[in-house]
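Record features, source Swiss-Prot:
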DISULFID  18-91  disulfide bond
BINDING   19, 21, 23, 31  Ca(2+) binding site
DISULFID  20-27  disulfide bond
DISULFID  26-71  disulfide bond
ACT_SITE  30  active site
DISULFID  32-98  disulfide bond
DISULFID  33-64  disulfide bond
DISULFID  51-62  disulfide bond
ACT_SITE  65  active site
């Protein structure tokens, strides 16, 4: 949910270069946090994301999304549309493990 504050995450980042999707850099920590979407309370004030009170699991998932959203925001200036739907076969090196 929080990724929407940077760009619509699915079309812009799901298959972006070697940096998002399974095995990507900004998305790596996010991928390790969980493998499904969930709903949780959060707010956006002055460009800062704040996770609200919820169950322990909701708060942890929100924090995973917050960190990923901030990572993507820091990378916006280097976003290149040519890397959308980039083939995995062009990525070099082993993927990290969680």
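In case you wondered, yes, glycine gets a Cβ from its N, Cα and C as well.
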Go through 27, 51, 62, 71, 91, the listed disulfide-bonded residues, and name the one with the sparsest Cβ surroundings, counting other Cβ atoms within 10 Å.
91
Hey, of the recorded positions listed (64, 65), which one tops the CB count within 10 A?
65
For residue 27 (disulfide bond), find which of the disulfide-bonded residues 51, 62, 71, 91 come within 10 Å, Cα to Cα.
71
Which secondary structure state does DSSP assign to residue 51 (disulfide bond), in the simple three-class scheme?
strand
